[in-house]
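S.K.: Here you go, one structure.
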Amino acid sequence: MHELRPWLRLIFRHRGGLVLGATLILATLLCGIALLAVSGWFLTETAVVGLALAAGLQATINLYVPGGAIRFFAVARTVFRYLERVYNHNLVLQLLTDIRVALFDRLAGAGHRHRGEKSGAQWLSRLTADVDALDTLYLRLIAPTALAGAITLLIAGLAWLLFSGTVALVVLVILLAGLLVATLAVLRGTRRLSSRLSDQQEALRGEVIEHIEGYAELTAAGRINEHAGHLLAEAGSLSRAQACIDARVGWHNALSTLLVNLSAVVALWLGFSLFEDGAISGPVLALLPIALLGLGEVYGMLPEAFGKYGATEAAAARLNQDGGSRGAPVASPTGAERHEAAAGQPLTLTNASIGHPGHPPLLAGFSLTLAPGKTLGVIGESGTGKSSFADTLAGVVPLLAGELTVPPCAYLTQGTVVFEDTVKANLLLGNPSATDTELWRVLDMLELADRFTREPDGLNNWLGSGGNRLSGGEARRLVLARVLLSRAPLVILDEPFTGVDAETRQRIAPRVQRHLEGRTLVCLGHAPEALLATERTLHLD
Ligand SMILES: Nc1ncnc2c1ncn2[C@@H]1O[C@H](COP(=O)(O)OP(=O)(O)OP(=O)(O)O)[C@@H](O)[C@H]1O
């Protein structure tokens, strides 16, 4: 319950909607039960009257009132069911939206390092399977359990009104036992298994994605069959665990149905003596047991949902753990200050420590002022901290100590990130208001325009997953184009020409240089030739 609490709070923000949705479900269920009860009463009444007439006795029956009631309940049940489905599906989608937005919010605040600790497969699982698991909370757990309880009490009340207090009490005890079996007993029998299964399924999903991603390497190493066999064995063991949970849910479902049916039989049995005493009529005797049989529909929804409770809880626990605490890690440690500067203000670092939280700083006591429009090169061997320096300026990694004032920046990271979309969509991320002419101009500057004019779709050319339809050098120039489209006053370029051959680089570098004239530039690389020309150079050692 503790793991579910933050998500329940989110769900209960829609209190009014939840009550209305549950009322519609209640109306549907009550119409179903009333339909059965009135039909049972009516059939018995017609049978009794028929027998009386056959025996030559005088008897009459009102066909219109019960017939009308049956039609009313049948139509009302359909209408309520339709409204309930439309309303509740919409509500659940709203709840899922809230949960996803809250999760994105937390992830965005959780810091670069924290996000990097999980693989893409794990994040995918969080945002899909785990979030979906939470949608069972309202529609399958909370609403049906509350309604089953309410309807049980209503039927016990009906038994008390039509039959007697004793019948009501006996029926109530049997039904409560059935309710316990369908909820808490299932929960007890499956919670741990279901939670463990959910964790294992999540691990398997990640392994399957890694298997596909590493297909070439596994094949080259001759280990593909062995690895696939391992995944299949794991999938087999998960299926067995699922079958075990299903069996337990099935048994509990059967027992709970048996108890509901038993309550109907007992009501009939006890009702007989009331009938013999003339306290109730024959048709009323049939009404209560048949209404009790209608409860099967309500109770039948519960065992499966409670069988998944462990998985829902495990999903919530993973989301709680991985969402991190909102906003915390991205903030700089105490004593470090990061300020956003307006365009036209210098970039300044004062007594700054740069590095990764929990590790010794890569740079300490470092100060620098870079006036607007000035350029700085940063050179150093692999691992000296160039990318960490750039990440800190861009706010991706927190400043460890000191003070940093930085104008808005466009950042070309060391990794080349091309989104699975068109050329245009990838470029517009740099400047959403750029025109097609501007896009072609920057592509032309980087000698990429020909690459896309050759294709029939031009700027709408689809780049494939991670830009896999581009060569390494083309992808690098495309992401450079994205950064060059931005009008940010500070531009940070980490190894801008990785994968671009020397001749092309020599042709395009002066054009990039001209394009960036007047803007503040920080360019990082292993050697001077990997950089654009800069006025000052910082050597990291
Ligand atoms: N998230 C992280 N957590 C802890 N240490 C890190 C993290 N990222 C990088 N480092 C460490 O910080 C040091 C500097 O890394 P960085 O990537 O900044 O170097 P670099 O100069 O850009 O190297 P390269 O030229 O190889 O890209 C390295 O020792 C690296 O292992």
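Positions of Cβ are set from backbone N, Cα and C atoms, glycine also.
Automatic, uncurated: that is what TrEMBL annotation is.
Pulled from TrEMBL, these are the listed features:
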type	residues	note
DOMAIN	24-311	domain 'ABC transmembrane type-1'
DOMAIN	347-540	domain 'ABC transporter'
REGION	321-341	region 'Disordered'
TRANSMEM	20-43	transmembrane segment
TRANSMEM	49-74	transmembrane segment
TRANSMEM	137-161	transmembrane segment
TRANSMEM	167-187	transmembrane segment
TRANSMEM	249-272	transmembrane segment
S.K.: I'm checking region-level scores; what's the whole-number mean pLDDT for the domain 'ABC transporter' (347-540)?
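M.R.: Computed over the domain 'ABC transporter' (347-540), the mean pLDDT is 92 on the 0 to 100 scale.
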S.K.: Please report, as numbers and ranges, the same-chain residues at least 6 past the borders of the transmembrane segment (167-187) whose CB is under 8 Å from any CB of it.
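M.R.: Same-chain residues near the transmembrane segment (167-187) but 6 or more away: 145, 148-149, 152-153, 155-157, 159-160, 248-249, 252-253, 255-257, 259-260, 262-263, 266-267, 270-271, 274, 288, 292, 295, 299, 302-303, 306-307, 309-310.
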S.K.: Cβ under 8 Å to the transmembrane segment (137-161), counting only same-chain residues 6 or more beyond its ends: which ones?
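M.R.: Here the qualifying positions are 4, 7-8, 11, 18, 21-22, 25-26, 29-30, 33, 88, 91-92, 95, 167-169, 171-172, 175-176, 179, 182-183, 267, 288, 291-292, 295, 298-299, 301-302, 304-306, 308-309, 312.
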